[in-house]
């Protein structure tokens, strides 16, 4: 898959903000704060489209990136970051819930990014169960895999495959080594991204 053009077309800050026109589907990137969503989007597009930071909570809005004038990459705010205000966390939750309920019909695949160094967190589990209830297809992207020793890595991959691997794709991924990028492109093509 080759990404020829990328354009940020809409940023959603509030649940009543208007969504962009629909295209040939949406590929959603969601996960805890500081798990690497923005870095992954930058790698996939070959451009610095999403702001990155070592400090969690950088993405505070829903960002719609038009890819090849055909479909969207949708970058959702990270969840689970304790150092933002209760009001800000509530706003993020509301716009994320609103997005999934209003745009589920146009979502091709949700990439759920999970820090592969750790077992499933409660917030991640709640999200995955909710995506199942909404009958949305998702793939689990295990981030930061380059930080694990081979034995730890094999253990964590086995852990996630035991939990979700029978029905969902598990992708070990590293921003450093680029492991997993080809699999993500392949899924985008399979699910209709051209």
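Quick reminder: no glycine exception, Cβ is built from N, Cα and C everywhere.
Taken from Swiss-Prot, the feature domain 'EngB-type G' covers 23-194, and the record attributes it to sequence analysis.
DSSP assigns residue 144 (GTP binding site) to coil in the three-state reduction, placing it in neither a helix nor a strand. Feature annotation from Swiss-Prot assigns GTP binding site to 31-38, 57-61, 75-78, 143-146, 173-175; the stated evidence is sequence analysis.
Positions annotated as Mg(2+) binding site by Swiss-Prot, on the basis of sequence analysis: 38, 59. According to its DSSP assignment, residue 38 (Mg(2+) binding site) is helical.
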Pairwise CA distance, residue 144 (GTP binding site) versus residue 38 (Mg(2+) binding site), rounded so that it is a whole Å: 13
Cα separation, residue 38 (Mg(2+) binding site) to residue 31 (GTP binding site) (Å, whole number): 10
Among 37, 144, the most crowded of the binding-site residues [Cβ within 10 Å]: 37
